[in-house]
Amino acid sequence: MTATIERGSATAPIKTSADTPAKPAPRRSGGFLGSSNGKKAVMAVTGAAMVLFLIGHMVGNLKAFLGADSFNEYASFLRTMGEPLLTYRVALTLVEVGLVAAVGLHMWAAISLARRAGKARPVKYAAKRKSQASGYAVHTMRYGGVIILLFVVYHLLDLTVGVVNPAGFGSTPYDRLVEGFAPSRWWVTVFYVLAVVMVGLHLRHGLWSAFQTLGLAGGRSYRPLKIVAAGLSALLVIGFLVVPVAVMAGVIK
Ligand code: HEM
């Protein structure tokens with residue numbers, strides 16, 4: 001079917017939708033997990049699991065203030081938890097496998113959401129507008145995430161395995177802590193401070209994004225939830241950093 005519109009003295013035929021058969025809308029494969037909401041849910045669930053781990057880890061680290069025995073006892077509990085139902089280190093290995101899966105899924109969802117955002121806007125904004133998808137936040141999240149991952153690898157070699165720690169492999173966790181952050185190795189503490197601050201920034205933005213995804217962050221709750229995201233992140237950063245700083249200052253020795 002063809003209609004005619006008149007513009008001045010000229011006439012031009014235009015096509016109406018009845019001329020072309022309707023194309024079926026492109027179908028996204030992958031169901032819920034293939035959708036943006038599904039990926040955001042994966043980010044939120046894996047993020048929450050990592051935050052729970054971080055809270056537990058931070059509280060456990062504070063045992064260093066109670067002395068070597070208390071700290072080593074906590075480190076040994078990590079390996080013996082679940083006994084006698086489970087054998088030595090089984091529960092800890094399950095936690096480790098869960099954490100690796102959480103990190104992997106979190107990164108997968110982040111990368112595929114970023115790709116989708118890029119495809120939705122193949123042409124860059126003409127104005128240099130800092131949007132959620134191209135501004136400061138996306139850079140802190142993307143590069144911050146990679147730095148945190150590299151930090152965790154170094155951190156495991158340092159305090160779990162001991163291969164980059166002066167106390168060495170066969171030492172106790174407390175010795176690795178005290179020798180690793182010794183005043184003469186102040187640069188290690190500086191590195192940990194930077195990395196943990198990065199974790200805090202990542203967490204603050206992640207929590208804020210999760211509140212927005214859940215539709216909680218509008219109207220009256222905007223400011224209180226911004227404060228919750230910043231406050232919880234700051235608490236975690238301070239709780240983590242008091243230990244290396246106290247070792248470097250000679251308070252824990
Ligand atoms: C600056 C503060 C931190 C200190 C003093 C610290 C200390 C420790 C210590 C002593 C261990 C070894 C425990 C043991 O072998 O029994 C450990 C393990 C670990 N830490 Fe940290 N940590 C800190 C921050 C972090 C952060 C920010 C993350 C994550 C982003 C992290 C992730 C881990 C992981 C994944 C393990 C291995 C847990 C396992 O044994 O499976 N740590 N940490």
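Yeah, the Cβs are placed from backbone N, Cα and C, and that goes for glycine too.
Taken from TrEMBL, the feature region 'Disordered' covers 1-33.
Annotation comment: TrEMBL describes 41-66 (among others) as transmembrane segment.
Residues or ranges marked as transmembrane segment by TrEMBL: 86-114 (among others).
The transmembrane segment feature in TrEMBL is assigned to 135-157 (among others). For the transmembrane segment (135-157), the residues of the chain that approach it from at least six positions outside its boundaries are 103, 107, 110, 114, 163-165, 191-192, 195, 198-199, 201-202, 205-206, judged by C-beta separation under 8 angstroms.
As annotated by TrEMBL, transmembrane segment applies to 186-207 (among others).
What TrEMBL records for 227-252 (among others) is transmembrane segment.
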Interface present between the transmembrane segment (41-66) and the transmembrane segment (86-114) (three or more C-beta pairs under 8 A): yes
